[in-house]
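Input: a single structure, listed below in structure tokens.
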Amino acid sequence: QKQEEEEEEEEEDPGDDDADEVNVDALIVPASAADADAFRAQYNYASASNGGKVVSSNSEAKSPGAALKEDMDSYYLTPCNAKSGKWLTVELSEEAAVTAVVLANYEFHSSGVREFELWGSAGASNREDDWFRLARCEADSGREPQTFVLPRGAWIKFVQIRMTGHYGSFHFCTMSLFRVHGKDAKQTLKEEMEAINTEVQEVEDILRDAEEAEAEAHKAKEKQQEKEAAELEVSALASRLSQEAEELEE
């Protein structure tokens, strides 16, 4: 019985508050065109021109860094049945709270990414214990860039894409584009301050409304007291006049 109780406690307390809030097992599909447009002009933390770089990939891969160069004629290339899997690890230009990634495959005579997982690390890229899964995604078979909005903005320095499935039956799989969007510390702090200011304003509005309501209630109470006092005076005056009238009759 004691063992059963301990097992129940372990089930109730998984030791990861974030896991309760965000389901990283939920499958993410490409965002709508409207949602994707919101990220189009944002800073790309994986771009080679911004300082992003590939630090590792599966050994069979060719030109893994090509996916970071925004060049439609270059691409990450790997055998689809690579023994070590199809993956690459990108060091971002700076640590960021990652909110979305963009993938594209412009090649017609190769297989494109279908299912993939995103993993992140805020520590060293070669420490397995530092990696945690950000999301599971499934891409469409189209050739246009596809945006995947992540369920939480996890702070990471390294992001790894692990391609677990592909479209088509070509020998080679390719990925022409890989972007990473997010928020830096300054932007995150600004948004947090704005959120705090909004909350403070809401509290101030509530307090002001409460003070105004209390003032109105106080005025209403004073008017009621004045009314009651006036009624007492009228009653006393009426009683005195009645008594004087009786005395005159006598």
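Cβ atoms here come from the backbone N, Cα and C positions, even for glycine.
Just so you know, TrEMBL annotations are computer predictions that nobody has curated.
Annotation comment: TrEMBL describes 212-230 as compositional bias 'Basic and acidic residues'.
DSSP places the residues of the compositional bias 'Low complexity' (232-242) in helix, strand and coil in these numbers: 11 helix, 0 strand, 0 coil. The compositional bias 'Low complexity' annotation in TrEMBL covers 232-242.
Taken from TrEMBL, the feature domain 'SUN' covers 25-185.
Annotation source TrEMBL lists region 'Disordered' at 1-23 (among others).
Here TrEMBL flags 212-250 (among others) as region 'Disordered'.
Taken as a whole, the domain 'SUN' (25-185) shows an average pLDDT of 95 in this prediction.
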